[in-house]
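Engineer: Please see the structure below; I have some questions.
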Amino acid sequence: MATALRLAVAVTCAFLVLASACQGLEVGYYKKSCPRVEHIVRAEVKKFVYKNAGIGAGLIRLLFHDCFVQGCDGSVLLDPTPANPQPEKLSPPNFPSLRGFEVIDAAKDAVEKACPGTVSCADIVAFAARDAAYFLSRLRVKINMPAGRLDGRVSNASEALDNLPPPFFNVTELVDAFAAKGLDAEDMVVLSGAHTVGRAHCSSFVPDRLAAPSDIDAGFANVLRRRCPADPAPGNDPTVNQDLATPNAFDNQYYKDVLAHKVLFTSDAALLTAPETAKMVRDNAYIPGWWEDKFKAAFVKMSRVEVKTGKQGEIRKNCRVVNHA
């Protein structure tokens, strides 16, 4: 009987690759081994986010950029080494725009003092992103984040380019990119709402949105032209807030901006080009609490993408280097 049950579970896990039980992920994973870990991480995130809301936006983006490349395994945290001079963090989608690494370092240091060698960097990234959403939403977005991820040992800049959807994608390309990670069209639309906070370099939208015909609101375009050079370059590439109305609030303003054609990226505007995703945009914009509830579920679903367990990974002593470099 026991053998039959194990076989049934194995077959189920083979088909439900994102199921947390199959991956060893669970809420309260560290309740015995490191009971204060989530409080410790939250305290560190709070210190940084209350000084600079942009760091909170960076932490939310950090989880997304980690999970889409090699799965949610902390691979985006690895620094270059002589053996691996081009890790994910130096890839164009991540450098120089990705932020929040110092928060993860501080949280890891504090956690290691309390529970040495117990908590993975990948889980700290997930907890930190969860907490950033909590603080930026003025405590409204409360996410039960499962844990149990291990840290990966592989990090390649080329894989970031291959897996992270760029800001010029159309809606079909966006749906396909998310589907490749086990996420559906609604997950894509809901997770895009994270663009309600944070900032973007002019180079990520000027060519597509300002230098070419687009649906962008004329007044909004003029504001952007005043803030951005016509031909952004590495030495002259300022940033602008993605949401000019409520730039530091994790809310549903993004969807109102999409409907008003006041968004930066081609990929944002693309959400209105298909009936299915356009309806999702309207629902998220107009139904109170709708987006917040959808975001909680989609964020946890994303945090389970291709996680490493067992012998697939390790618990790094230092989030920036593998244990046996």
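Including glycine, each Cβ sits where the backbone N, Cα and C put it.
A quick note: this is a predicted structure, and the numbers were derived from the prediction, not measured.
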Engineer: Would you mind checking which of CYS202, CYS319 shares a disulfide with CYS228 in TrEMBL?
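Structural biologist: If we follow TrEMBL, the cysteine bonded to CYS228 turns out to be CYS202.
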Engineer: Which candidate, CYS22, CYS34, CYS67, does TrEMBL give as the disulfide partner of CYS115?
Structural biologist: CYS34
Engineer: Tell me which of CYS72, CYS121 TrEMBL records as disulfide-bonded to CYS319.
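Structural biologist: So the cysteine paired with CYS319 in TrEMBL is CYS121.
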Engineer: Going by TrEMBL, which one of CYS22, CYS67 is joined to CYS72 by a disulfide bond?
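Structural biologist: So the cysteine paired with CYS72 in TrEMBL is CYS67.
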Engineer: Within 10 Å of its Cβ, which one of these disulfide-bonded residues (CYS121, CYS228) has the largest number of other Cβ atoms?
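Structural biologist: Comparing the disulfide-bonded residues CYS121, CYS228, the most crowded Cβ belongs to CYS121.
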Engineer: Measuring C-alpha to C-alpha, could you say which of the binding-site residues ASP73, SER75, GLU88, HIS195, ASP251 are within 10 Å of CYS121 (disulfide bond)?
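Structural biologist: Correct set: ASP73, SER75.
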Engineer: Could you list the residues of the same chain, at least six apart in sequence, whose Cβ is under 8 A from the Cβ of CYS319 (disulfide bond)?
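Structural biologist: The answer is GLY74, LEU77, ILE104, ASP105, LYS108, CYS121, ILE124, ASP151.
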Engineer: Given the recorded positions ARG61, CYS67, ASP73, CYS115, which one's Cα is the least distant from that of THR246 (Ca(2+) 2 binding site)?
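Structural biologist: Ranked by Cα distance from THR246 (Ca(2+) 2 binding site), first place goes to ARG61.
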Engineer: Near HIS195 (heme b binding site), which recorded positions out of ARG61, HIS65, ASP66, CYS67, VAL69, ASP243 have their CA within 10 Å?
Structural biologist: ARG61, ASP243
